[in-house]
Amino acid sequence: MSPNDGTVAAIGEFALIQAVTEGRRQPASTLLGPGDDAAVVAAPDGRVVATTDVLVQGVHFRLDWSSPEQVGRKAVAVNLSDVAAMGAKPTTVLVGFACPPDLPATVVTELMNGMWAEAGRAGIGVSGGDMVSADQLVISVTALGDLEDREPVTRSGARPGDVLAVSGRLGWAAAGLAVLRRGFRSPVGVVNAQRCPEPPYEAGPRAALAGATAMIDISDGLLADLGHIASASGVGLDVQTTDLEVSTRLREVGTALGADPLRWVLTGGEDHALAATFPPFGDLPEGWRRIGTVTMPDSGITVDGKEYGHEGGWEHWR
Ligand SMILES: Nc1ncnc2c1ncn2[C@@H]1O[C@H](COP(=O)(O)OP(=O)(O)OP(=O)(O)O)[C@@H](O)[C@H]1O
Ligand SMILES: Cc1ncc(C[n+]2csc(CCOP(=O)(O)O)c2C)c(N)n1
Ligand SMILES: [Mg+2]
Ligand SMILES: [Mg+2]
Ligand SMILES: [Mg+2]
């Protein structure tokens with residue numbers, strides 16, 4: 001028996017989520033339970049979209065890489081992105097802080113400024129939270145959203161023949177991470193993309209209105225997150241690299257660091273682009289571009305029709 005047996009690392013992030021969620025009977029008020037970017041719950045006067053994501057110092061951010069304001073913006077942005085991925089518009093966020101006693105209070109006030117700034121970009125505010133002591137800085141954000149009259153776009157509705165499309169940047173945050181890890185601070189475009197994503201919030205509701213059959217935000221990596229649409233929908237997905245734009249900036253950074261920029265695009269997380277599938281006939285909505293097709297269930301996630309030989313994205317504890 002290895003010392004790792006029975007640990008969360010041995011089980012793995014996604015198998016652990018499955019283990020703790022399967023077999024639980026949800027109350028009737030849970031219209032959509034765990035397994036998607038957000039839950040949908042019934043309220044007497046409507047439906048509420050609800051999602052939460054935790055950011056941990058040293059895992060999701062470093063205070064020598066990012067300002068507290070940038071970290072605060074990121075913590076809110078990654079949550080609002082999950083609301084958008086359901087086809088909903090955010091209504092509010094609540095924030096939890098855990099931090100050590102010697103953390104300068106200005107770090108917390110600046111984090112809150114960043115949170116209010118990002119919330120403000122989406123037309124909402126911070127309506128509550130919590131503050132507790134801990135050994136390291138941990139930020140937990142819960143975002144709520146409103147579907148208005150739209151149906152939620154889940155991960156499970158993709159059908160073979162649908163078009164696979166994305167909205168937003170791919171590979172920029174991963175390029176920024178590679179730059180920061182080597183001790184550099186420029187080019188600032190990719191470094192800032194790592195410090196704080198700019199998710200295309202409006203593209204989610206727009207995709208829902210245009211009849212998107214499935215949607216997810218890209219937090220872990222394009223191929224890894226497409227894997228969630230594939231398993232939830234019971235389909236395969238093929239990404240066509242000729243449809244993937246690898247920008248000049250990413251190529252330049254790749255050359256400077258001796259890294260493959262296409263790998264950042266295919267497997268880099270944290271840009272929080274949206275990926276969605278659409279019926280094959282009809283134009284894609286504004287801001288969306290085609291990157292591939294939905295294939296048969298047994299084909300898995302492929303790149304130009306072939307299996308990709310590397311990890312598809314981030315997985316905690318791996
Ligand atoms: N402890 C838990 N109990 C119940 N559901 C959980 C738990 N942890 C995760 N989930 C659910 O599992 C699903 C997948 O979670 P995951 O965090 O991978 O999604 P995400 O927030 O879209 O991605 P990311 O965290 O990478 O941004 C979500 O529906 C989430 O609510
Ligand atoms: C200091 C530092 N080291 C590594 C990374 C890279 N990283 C951390 S979590 C994650 C996936 C998304 O997280 P989650 O699945 O929790 O939403 C990625 C790509 C970082 N951002 N900061
Ligand atoms: Mg998500
Ligand atoms: Mg999450
Ligand atoms: Mg993740």
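Here, residue 1 is simply the first one shown, and the rest follow in order.
The backbone N, Cα and C atoms fix where each Cβ goes, and this holds for glycine too.
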Matching residue for the Mg(2+) 4 site, where TrEMBL names Asp37, Thr51 - out of Asp5, Asp64, Asp82: Asp82
Mg(2+) 3 site, defined by Asp37, Asp82, Asp217: further same-chain residues with Cβ within 8 Å of the Cβ centre: Asp36, Ala38, Thr51, Ser81, Val83, Ala84, Ala85, Met86, Ile216, Ser219, His272
Residues among the binding-site residues Thr51, Asp53, Asp82, Asp130, Ser219 that border ligand 3 - Cβ under 6 angstroms, in sequence order: Asp82, Ser219
Listed binding-site residues adjacent to ligand 2, that is, members of Thr51, His60, Asp130, Asp217, Asp220 whose C-beta is under 6 A away: His60, Asp220
Secondary structure at Asp82 (Mg(2+) 4 binding site), reduced by DSSP to three states: helix
Whole-number Å value for how far Asp130 (Mg(2+) 1 binding site) lies from Asp217 (Mg(2+) 3 binding site) (Cα to Cα): 27
Top Cα neighbour of His60 (substrate binding site) in the set of binding-site residues Thr52, Gly129, Asp130, Ser219: Ser219
The one of His60, Arg155 whose CB sees the fewest other CB atoms within 10 Å, among these binding-site residues: His60
